[in-house]
Amino acid sequence: MAFVAGVIRRLDETVVNRIAAGEVIQRPANAIKEMIENCLDAKSTNIQVVVKEGGLKLIQIQDNGTGIRKEDLDIVCERFTTSKLQTFEDLASISTYGFRGEALASISHVAHVTITTKTADGKCAYRASYSDGKLQAPPKPCAGNQGTLITVEDLFYNIITRRKALKNPSEEYGKILEVVGRYSIHNSGISFSVKKQGETVSDVRTLPNATTVDNIRSIFGNAVSRELIEVGCEDKTLAFKMNGYISNANYSVKKCIFLLFINHRLVESAALRKAIETVYAAYLPKNTHPFLYLSLEISPQNVDVNVHPTKHEVHFLHEESILQRVQQHIESKLLGSNSSRMYFTQTLLPGLAGPSGEAARPTTGVASSSTSGSGDKVYAYQMVRTDSREQKLDAFLQPVSSLGPSQPQDPAPVRGARTEGSPERATREDEEMLALPAPAEAAAESENLERESLMETSDAAQKAAPTSSPGSSRKRHREDSDVEMVENASGKEMTAACYPRRRIINLTSVLSLQEEISERCHETLREMLRNHSFVGCVNPQWALAQHQTKLYLLNTTKLSEELFYQILIYDFANFGVLRLSEPAPLFDLAMLALDSPESGWTEDDGPKEGLAEYIVEFLKKKAEMLADYFSVEIDEEGNLIGLPLLIDSYVPPLEGLPIFILRLATEVNWDEEKECFESLSKECAMFYSIRKQYILEESTLSGQQSDMPGSTSKPWKWTVEHIIYKAFRSHLLPPKHFTEDGNVLQLANLPDLYKVFERC
């Protein structure tokens, strides 16, 4: 069989352009990189990026640069149209980011592009739409600010395979943040911001007057910024200059963070990375890497920038000599900063595997019981003189006075809807936590409490017994089971509503979150918390606890936050309600939050009143779900009327309520079910946790008040000891990372102290 030669045909221009566009624009982050470089070439000082669905649905980038002339709008999206060079020889001295005229053209071939632009001498702005590089209609005059606004919609709408390959919006959004973050570090005199469409808070935000170190701190955190070394060298023979910041020997990460700019262009260089990491190998632990930000300025005639479609690679003369010079300079800087080294040690927790792989043998220290047949002698340094099961008298003396917001307010315990989350979490041996009473008992007990403290609400208390059968509607009727809880004699009242019949939740997302909590549980740490003896509070954030012969310092804030998160996940849609007797307007709460420095509001975010109205309308749309699943009740007028009751006799710190409302609208992922439940639970847990800034220390009180007869000087301490840490015993599954991030620290061990003091 003879082979027939194929016919060579000229490809259609549209096909050629679409193929070329697929090379230049590989993902949304590439498109944003190209447009940011155009903004920088236009002398912009403020660049704002807004994206939707990781940039696949919408990319909007706005600058305050020079703008585009109306006469140029006809050809601005055609290939090989640029204002930055005219002849090929101009490449030898090119100092701008763009030079081929392919960025906007490539984007217009794979997306719908709209450009709104205004020049300094223009009387108005002009808007034009483009498809396949061609102007769809004559530019229309419109209102607009100085600069250019480019809107890119439905990226890769005509390349189905590429769109299917980029199916993870979160991953694409992460790459966008990475690109913008790197350019913001290099261009410290320019303001950058990135946020999702509809969000009020930017995920990346830098200020025009911020330094390079400030931007590194904003993007990568304090852990990097406080360990930086400034580097800089120049070699006139090789015609290059280098400056930047590198991490010292105290800082290391699992993956190298390398920001390299050559002639202000973000590029990659495997050879330079390898040369620098060779230097760090002598200073950092094995399999760890440094943070590197380097900016090389090489004579333009020595650099070839036209070697890759995406421009992420460049070639330059004397490459080996320049790399060697940079390597030597960094080595000299590290050598001079190696006079001291900081190490973070982790004390071995009881029962953890030691270097030999064997678990540490627990020292029980309890005197030999009558059932012990061994008769082994217990030495003084092994003896535990406390019992985690013993109760204190003040546990029954609930404070009446209020110094902080997070303590229970009713003189008698208020029965809530706290039920066991799962058989794994429910520990039968916990005799101290208040168990949920039977419906009849709840009605009787509520009636007795009302007779003693709130006579005027006895009628409501008698209705606490549910009238619906187990098989009736799954909706909760909280109004018939209200129990008034007095904050103080003259203050506002709140209502704790019980929900005694448990709903069965079979949502896959919730079950998955429960499984994740169970899988990351640290059994040894759980055993310690279950059998600990509370020693005392250091401050609202830290507390001391003893387990066997060891003394631990525990981060109450982080542990309580994890506790409430797990309660929200395991008791999902089964909460009682803390109902405010006077509804709290969401608008007022949002305004209070925006007035707080914690919100991070600036004038660029828009008027506070408009943001507050948006928050109210947004949360009103989510009111049904919030009430059904989380017992956060919002009425039709936009008032907050109820909060979830997570633990009996515990009221969250209401000083944090405004920020909580703000973060509900801005920090929760409302697009995906699992992420929504997870982030909403975390925000709610953060609000309920013990937080130092919302606790009023007794040292700030006047001596006259603290010396008043019958006053309790430390009610928040009572709450921490008898409510929060009591809940840790039976309801907290501590995650493994608590043993590594400093939230649980071992301070002392009795046998080790005995070696020093030789007595106990």
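Each Cβ is built from the backbone N, Cα and C atoms, and glycine gets one as well.
As given in Swiss-Prot:
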type	residues	note
BINDING	N38, D63, T82, S83, K84, R100, G101, E102, A103, L104	ATP binding site
COMPBIAS	363-375	compositional bias 'Low complexity'
COMPBIAS	400-409	compositional bias 'Polar residues'
COMPBIAS	434-446	compositional bias 'Low complexity'
COMPBIAS	455-472	compositional bias 'Polar residues'
MOD_RES	K33	N6-acetyllysine
MOD_RES	K241	N6-acetyllysine
MOD_RES	K377	N6-acetyllysine
MOD_RES	S481	phosphoserine
REGION	354-375	region 'Disordered'
REGION	400-488	region 'Disordered'
REGION	412-654	region 'Interaction with EXO1'
MOTIF	475-478	motif 'Nuclear localization signal'
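Rounded to a whole number, the C-alpha distance linking N38 (ATP binding site) with K241 (N6-acetyllysine) is 25 angstrom. Non-local neighbourhood of K241 (N6-acetyllysine): G232, C233, E234, D235, L296, E297, each in the same chain, at least six residues away, with C-beta under 8 Å from its C-beta. Summarised as a single figure, the pLDDT of the region 'Interaction with EXO1' (412-654) averages 71. Other Cβ atoms within 10 Å of the Cβ of N38 (ATP binding site), summed over all protein chains shown, number 22.
A103 (ATP binding site) and K33 (N6-acetyllysine) are 10 Å apart (CA-CA, integer value).
The local packing around K33 (N6-acetyllysine), expressed as other Cβ atoms within 10 Å of its Cβ over all shown chains, amounts to 24.
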